[in-house]
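Report on the following structure.
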Amino acid sequence: AGKFYQHAPTETSQATLASVSPVFAVMKFDKEGNTTYFEKKKTELYQELGLQARDLRFQHVMSIATRNNRIIMRMEFLKAVITPEFLLILDYRNLSLEHWLLNELASQLAGEGQLVTYSLPFEFRAIEAILQYWISKLQGRLNTLQPQILETLEALVDPKLLSVDRSKLHILLQNGKSLSELETDVKVFKETILEILDEEEVIEELCLSKWTDPQVFEESTSGIDHAEEMELLLENYYRQAEDLLNEARELRVLIDDSESIIFINLDSHRNVMMRLNLQLTMGTFSVSLFGLIGVAFGMNLESSLEEDPRIFWFMTGIMFLGSGLIWRRLLSFLGRHLDPPLPPHVPAVLKKSQPATGRVEIKTSLKGETFGLSRNTLTNQ
């Protein structure tokens, strides 16, 4: 009775933990592309597969690992377990993912798609199908962002615009953020494949059929090395990820260059407005300077000049003429200090001493130096 009383809490706790264990919605694909659906608890699933609990952990990361002749692939929300006989997709209830599973993956595994590994064992097809789906998903995101970014930049870089549309800048900011997220995802995907390519033992472990089927092992030793096939497969998608990352970087450089052009255009328009403001200020100063004459004649003081009827037109002419001359003088001073300097004057003698044939000979000599001619040969010419 004492022993039973001691073990009772342990059995109760185990039953409680088993009851709260997460349940996976699993989609199973065999070599012929047949699909079955079922739900199973995490404890039961990893025990049947010979895995550990941490191998089926919910993690939105990217990794490719092997354990107990099983391949565990995590592509963020896509989690798969590959064996030599079947493929398991865990938690497939996603709209985009479910569409791919039902319409493409089954036919690809059955040999009706565009995979290049149909002559190889089943795990090659499964790995290629998942990598192809993920790289096409990344490429689709870039194809969606690229025209939007180019259209927004074309509208912002127009030099005729005196101001920048804030709505366009908001769209560009959102697209730039999405592009940064895409670059991060591509880098993680590329680094995940690179980690496998740097480990020969991991590449060997990915070839599941090589260790389970003796016939496959004999064929590999007689000339068909499945490890090299797996390495070529991973290198292919590593190269595609590198090309995709280069396209994203070029788009990022284009955004940075366009931002510089936008700032230059805004600075140019700002300089024009500042120069116009300065010109108007100088004009106001000129008019105010000679307006002192009218202020002097407007005082309640008597002189002999106000008796002459012609003095009004004379003084008004002096005021306008003097204001115009001062304004022109200030504008010429402003132009000398703000306009860019002219190129240095080239004497006519130097122009005559450089005929067109001489320029052609110089260009020819430079081309010769580019293609490997020595300095002595160039000097002789």
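Don't overthink the numbers, they just go from 1 along the chain as shown.
Yeah, the Cβs are placed from backbone N, Cα and C, and that goes for glycine too.
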Query - Annotated stretch (coiled coil, per TrEMBL) among the listed ranges 52-86, 227-261, 297-331 - result: 227-261
Query raised in the report: Of 100-119, 280-299, which span is tagged transmembrane segment by TrEMBL?
Result: 280-299
